[in-house]
């Protein structure tokens with residue numbers, strides 16, 4: 001038996017250039033077999049370590065995502081920033097919407113800025129700048145209650161959240177770009193699935209901090225919540241000092257020696273780093289033959305338009321299954337009728353279940369594929385939201401507790417499939433030559449979607465406006481249904497595919513359901529035979 005792991009084991013011939021993927025197969029006696037996930041982790045421990053550490057930047061996103069909804073549920077914060085309605089302090093719908101949308105708007109511009117800047121200056125420096133600026137944004141939120149005027153206080157808090165959103169957009173864009181460039185094919189799905197895991201972890205930490213801060217009196221109660229964001233802002237800054245630069249970016253800048261040096265920091269002695277660099281260079285050269293220079297406009301030309309649309313919609317899927325409402329579950333449950341302490345407990349339990357589901361998804365993404373998991377879990381979520389809306393028609397304690405349990409289950413189901421899988425699809429669908437810009441567009445779209453939901457949802461469920469309360473489930477069921485249809489028609493299966501295979505399938509303009517059955521076999525003469533299933537959609 002011959003075992004070779006340091007050589008290229010899977011050839012893909014396109015345009016006379018052999019592009020290889022040596023990361024997800026083991027050659028045994030002339031035959032190839034897929035490497036098990038755990039064996040791949042042992043083969044690439046450094047890459048896994050760097051990417052898991054980089055995922056810490058996502059903690060900041062998760063914390064920020066939940067902070068407005070949880071802090072807004074704190075009685076002391078409501079007293080300083082809210083208004084009295086029927087003997088109870090609430091946050092006005094307009095300001096709740098503005099605070100929710102501020103981070104989204106910032107994320108939109110931050111993602112585009114991050115996509116542009118990381119292409120010019122590199123992934124590491126962009127990560128460091130985004131992290132440093134985030135510490136300033138947290139400081140603005142921390143002092144937002146100092147002005148005397150109510151409107152001024154609300155405005156300063158809005159400015160802080162807007163600036164924080166810009167920083168988070170930069171961090172998310174560079175994080176996803178970096179991971180998609182350095183991860184081997186077999187590890188791409190499981191590791192990128194850490195996005196929702198760390199997002200939920202950030203939400204969990206934020207919720208626990210808010211819950212424990214309820215015992216404090218005065219401004220200290222919510223200031224502790226703001227101050228606890230500083231460590232999350234500092235971690236990516238420290239990490240940028242030790243993180244190797246992306247070899248793909250270095251190769252694009254003509255720094256071949258530095259690219260090899262960076263790749264060696266990722267690889268163990270089981271991997272031939274020079275072969276990896278040669279593979280990357282071949283992929284980049286093949287793409288550059290088609291386009292010498294690349295701009296954002298290229299993302300909307302030819303086959304790249306379809307790829308960009310896939311990336312964009314994949315980034316909107318979390319909003320379609322109700323992430324924005326789930327992030328504000330604590331405040332939402334108070335509107336439905338639950339006490340502030342119980343609402344925070346249910347939020348924490350829901351996030352905990354979501355974390356467990358996300359961990360299971362690391363296995364499920366490789367076992368079942370992205371498309372299947374997204375479709376299955378979206379259908380389940382649609383039914384759960386519909387049931388929540390029906391429960392909201394009735395009044396009483398049962399409706400309150402049913403709504404809370406339903407939202408916990410929705411968090412768990414989404415965490416198992418549609419949430420992590422959507423991030424993987426967004427990372428896989430973009431081409432190498434346009435990856436940074438495509439991710440920028442993707443996160444911009446995510447910001448737009450989040451902004452829309454952040455604006456409209458408070459006007460739907462809040463007591464001073466639509467007052468739908470639990471009947472908001474009908475609205476979310478409708479959005480989930482739309483997502484099911486779009487995913488069925490437009491999101492292809494790309495599990496286990498190399499970047500060159502994905503490029504080829506999009507270039508061939510395969511229909512959505514043809515992606516899964518398509519494969520390329522290299523003949524003894526080096527010619528490529530391409531086949532795909534005859535399924536039409």
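Residue 1 is the first one shown; counting continues down the chain.
A Cβ is built for glycine as well, from the same backbone N, Cα and C atoms used for every other residue.
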Have a look at 278-299, 344-365 and point to the one annotated transmembrane segment in TrEMBL. 344-365
Please identify the range among 220-239, 240-259, 400-419 that TrEMBL labels transmembrane segment. 400-419
Would you please say which range out of 47-74, 495-522 has the annotation transmembrane segment in TrEMBL? 47-74
Residues flagged as transmembrane segment in TrEMBL, choosing from 132-153, 440-461: 440-461
What stretch, picked from 47-74, 309-332, 372-394, 400-419, 473-491, has the most CB pairs under 8 A with the transmembrane segment (191-214)? 47-74
